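*Asks:* Pulled these from TrEMBL:
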ACT_SITE  S59  active site, acyl-ester intermediate
ACT_SITE  K62  active site, proton acceptor
ACT_SITE  S119  active site
BINDING   K222  substrate binding site
DOMAIN    29-252  domain 'Peptidase S11 D-alanyl-D-alanine carboxypeptidase A N-terminal'
DOMAIN    339-417  domain 'SPOR'
Amino acid sequence: MVVIKNSSLLLRFVGIAAGVFLLIQAEAKAAPYSALVVDVDSERVLYSQSPDELRHPASLTKMMTLYMVFEALSRGELTLDSMVMASSHATSRPPSSLGLRTGESLTVEQAILAVVTQSANDAATTLAEHLGRGSEAEFAEMMTQKARQLGMTGSSFYNASGLPHPNQWTTAWDMYRLGRALQKNFPQYYPYFSTQSFEFRGRSYHNHNHLLETYQGTDGIKTGFVNASGFNLVASARRNGHRLIGVVFGGNSYKRRDAHMREILDDGFDQLDGRDALTHNPGFGEREDRALLRRPESIARMLSAGGINEYHAEALHKPKSSASTRLNAHVNKMFPQKQLYTVQVGALFSVESDAERALKSAMKASSALAHGRSFVSVHNSGKNRRYTARISGLERDDANTACKALRSRKLACAVVTAG
């Protein structure tokens, strides 16, 4: 502990700390919104908003990481009992994490469960380095190549965890394709995505996908969050013989994201049960061409070739039910620019690793921080560099609950508004 006896030095320190807090008093920007709901059996689009616009995938990236792991398992290159060892690079990944130590080993199955439930960045990176011959970058290239093979033309991957990277992109359509490919190609491993909790080293980790507990029929699959993308979710649910996959990008909190996903899935099931919406496009016959349902570009190509007329293209590209129309009108209501909060752990650290340790301690101390984005910021003060440990993107109740828990463990904590 550093004790400051000089009063002028103390005032300077307080001034620097106050300045640091002001740095995160910027206006919160709403992340761009995209959403998609597709009936898996018919590939009929039941809800669609900006499905081809590029979005940052955040931890949805881990769906592709696990696809690669499942493929290696299916080829016999790995077994669930195979041991993978965490490198210094893997253990340096910021939370969410298991808190792995450099040189520590865990089984492939433990790593899978850690990625599914805790969305553990250290576990994802450990798997990536094992399959990428020691290089996460090489594994990321393999991920992008696999994405192209799956028809994910809008996706590029630069890491295995989904931690922020300016060139890491995907689309709602691509995430639907990936979710469907996981179900179809790996039915023996897909059930991992329904795991609600898992224990490691005496601690229980709970799945961030709350729909597993709150939405009837949900069987997976993955949540994600970084500041640039907002709160994301790919969800799969079965009801009355139908399976839907929904994708949402751009939620300003996990609660609103989950509520919106429930609403658009409800609307989709209502359409399939005939309670609302046209079940066919007039003049299209009993079977709609699945190629038309894949991307708006395919509609444009068929229009130019005279394959369909503009009426049919419009009917395919727009939501077809009055419920979907109402949903479109409610998007701004579900995803308004809402006040979010940042928790800062401690004040200023002179060593970056101290800030990282503070973050890990905070994440272990309070589950209320699980849905935020944790990071270390660097601040230059003259010739000196200082570091702050923060968790952003939190609702007020979660931020206050977390700080209360941290203070009870003698960890300094402050809640700061982001707007």
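Quick reminder: no glycine exception, Cβ is built from N, Cα and C everywhere.
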*Asks:* Determine, to the nearest whole angstrom, how far the Cα atom of S119 (active site) is from the Cα atom of the residue listed as 'active site, acyl-ester intermediate'.
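*Replies:* Rounded to a whole number, the Cα-Cα distance is 7 Å.
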*Asks:* Could you count the residues of the domain 'SPOR' (339-417) that DSSP puts in helix, in strand and in coil?
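*Replies:* Across the domain 'SPOR' (339-417), the residues distribute as 30 helix, 34 strand, 15 coil.
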*Asks:* Is it possible to get the count of other C-beta atoms within 10 angstroms of the C-beta of S59 (active site, acyl-ester intermediate)?
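*Replies:* Other Cβ atoms found within 10 Å: 25.
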*Asks:* Return the residues near the residue listed as 'active site, proton acceptor' by Cβ distance under 8 Å, restricted to its own chain and a separation of at least 6 in sequence.
*Replies:* V115, S119, A124, A160, S161, G162, K222, G224
*Asks:* Is it possible to get the count of other C-beta atoms within 10 angstroms of the C-beta of S119 (active site)?
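*Replies:* Neighbour count, Cβ to Cβ under the 10 Å cut-off: 28.
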*Asks:* Across the whole of the domain 'SPOR' (339-417), what does the mean pLDDT come to? Round it, please.
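*Replies:* Residues in the domain 'SPOR' (339-417) carry a mean pLDDT of 81 in this prediction.
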*Asks:* Which number gives the other C-beta atoms within 10 angstroms of the C-beta of the residue listed as 'substrate binding site', all protein chains shown included?
*Replies:* 29
*Asks:* Please report the DSSP secondary structure of K222 (substrate binding site), reduced to three states.
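*Replies:* The three-state answer is strand.
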